[in-house]
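This report refers to the structure that appears directly beneath it.
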Amino acid sequence: MSRSKTRQGKLPALGWNTWNAFGCDIDATKIMTAANEVVNLGLKDLGYEYINIDDCWSVKSGRDASTQRIIPDPDKFPDGISGVADQIHDLGLKIGIYSSAGLTTCAGYPASLGYEDIDAQTFAEWGIDYLKYDNCGVPSNWTDTYTYCVPDPGSKATNGTCPDNKNPAPAGYDWRTSLTAERYRRMRDALVSVDRTILYSLCEWGQANVNDWGNETGNSWRTTGDITPSWPRIAAIANENSFLMNHVDFWGYPDPDMLEVGNGNLTLAENRAHFALWAAMKSPLIIGTALDSISQDHLAILSNKILLKFHQDPVIGRPAQPYKWGYNPDWTFDPAHPAEYWSGASSVLGGTLVLMLNSEDTTQRRTAVWKEVPELKDVLGRQGKRRIGFRVTDVWTGKDLGCVRDHYSVELESHDVAALVVGRAC
């Protein structure tokens, strides 16, 4: 995407989206309620800024016969999308919209394939700041010649491979030449041509080897199929995304899908682990729960200032990375047990972010050994044989844990995560 108009898109997006909370049951009132809650709950002050309308916002029967524009549903949006955009902008927030790189959206509404220029211009005139662009409704003449391996559970994924893929591309095939890549480039070109900066979020489910071309096409790109508010799905997506961290840096972010914090029957520990992993991976953090009924515990997770500072670091674009798998041998692809030990440098925290995950179904002890953490090895090496420690802060409580030598151990309940800032030597 063009980076010349503004600095927008340098850092991973923060916001809220209708889909995980409401599906198709949306209207202007629900969206403005969410926007006002982003302000009232203090989320705007923490950097959350996008209020995104997902699928089902338009008239389903078709486009305007004379202009060929998509028509906002007048029952859901009496003042149109532009009316909602004006109200959201008045709050100091930004607004997002949804379409698909096909003939219809995933819910069967008019989509943008073949209408990219018209829709980009329409979105710009309405004051849109963000486009989520899905992958539904693709006609046969736009179907790729080959099938790319996205090792989601449901396929017979073996250590990240897809032995059930009957139509793989030949060795050396350039997926930039695929029809999927072309469909997404067409909307990119249309967005760049309008006189408004619109963040471009590709939602192609990891297909067509998007990690090779996503960053030259959009600001973020989905790496998997859809998330659900269940720990097995969250763990599986975290596992898949953990192998893509070398693609993360300023201006380009693999997207493991929107947040489910506050949804379903996730335990508080699972909500914590979900958010901490997504923040540490510098994924877009798009809230997907009803904010007018959110619990204080869930709000506290979404509002964690230390994780958000790491996520929005203006100097270091690289994410945290796994440095030890823990439950499994290193580099094991396991949907039930993603990498458990992560670390990442920060210019704003005064130290290194370290995560320890308990991926097991029972309470377990996890131990971060300082000499194993890549960011700490240089400091330890300079000290020679002298035994030193580091100042450690608990990310969840903000508590100073003092000068911790050699390692830090903690008992973690099932699917919980310990998050630490390991600071200066002591």
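Note that Cβ sites are derived from N, Cα and C of the backbone, with glycine treated the same way.
Within 10 Å of the C-beta of CYS24 (disulfide bond) there are 15 other C-beta atoms, taking all protein chains into account. In three-state terms derived from DSSP, CYS24 (disulfide bond) belongs to neither a helical nor a strand segment and is classed as coil. Taken from Swiss-Prot, the feature disulfide bond applies to CYS24-CYS56 (among others).
Close to CYS136 (disulfide bond) in the fold, though at least 6 residues off in sequence, lie SER100, GLY102, THR104, THR105, CYS106, ALA111, each with a CB less than 8 Å from its CB. When secondary structure is read from DSSP and collapsed to three states, CYS136 (disulfide bond) falls in the coil class. The disulfide bond annotation in Swiss-Prot covers CYS106-CYS136 (among others).
According to Swiss-Prot, the feature active site, nucleophile maps to ASP134.
Under the heading N-linked glycosylation site, Swiss-Prot lists ASN141 (among others). In sequence order, the list of same-chain residues 6 or more apart from ASN141 (N-linked glycosylation site) whose Cβ falls under 8 Å from its Cβ is empty.
For ASN159 (N-linked glycosylation site), the same-chain residues 6+ apart in sequence whose C-beta sits under 8 angstroms from its C-beta are THR332, PHE333. As annotated by Swiss-Prot, N-linked glycosylation site applies to ASN159 (among others), with the evidence given as sequence analysis.
The substrate binding site annotation in Swiss-Prot covers GLU204, TRP205, GLY206, GLN207, ALA208, and the record cites similarity to another entry as its basis. TRP205 (substrate binding site) carries neither a helix nor a strand DSSP state and counts as coil. Around TRP205 (substrate binding site), the same-chain residues at least 6 positions away in sequence with a Cβ under 8 Å from its Cβ are ASN135, VAL150, ARG222, THR224, GLY225, ASP226.
According to Swiss-Prot, the feature N-linked glycosylation site maps to ASN215 (among others), an assignment based on sequence analysis. Taken residue by residue with DSSP, ASN215 (N-linked glycosylation site) is part of neither helix nor strand, so it is coil. Sequence-distant neighbours of ASN215 (N-linked glycosylation site) (same chain, 6+ residues apart, CB-CB distance under 8 A): TRP221, HIS247, TRP251, GLY252.
Among the features that Swiss-Prot reports, active site, proton donor is placed at ASP226, with the record citing similarity to another entry. The Cβ neighbour count for ASP226 (active site, proton donor), using a 10 Å radius over every protein chain in view, is 15.
Per Swiss-Prot, the feature N-linked glycosylation site maps to ASN265 (among others); the stated evidence is sequence analysis. Listed in sequence order, PRO229, SER230 are the same-chain residues at least 6 apart in sequence whose CB falls under 8 Å from the CB of ASN265 (N-linked glycosylation site).
Distance from the CA of CYS24 (disulfide bond) to the CA of ALA208 (substrate binding site) is 28 Å. Most Cβ neighbours within 10 Å, among the recorded positions CYS56, CYS106, ALA208: ALA208 holds that distinction in the structure as shown. Counting every protein chain shown, 26 other Cβ atoms lie within 10 Å of the Cβ of GLY206 (substrate binding site).
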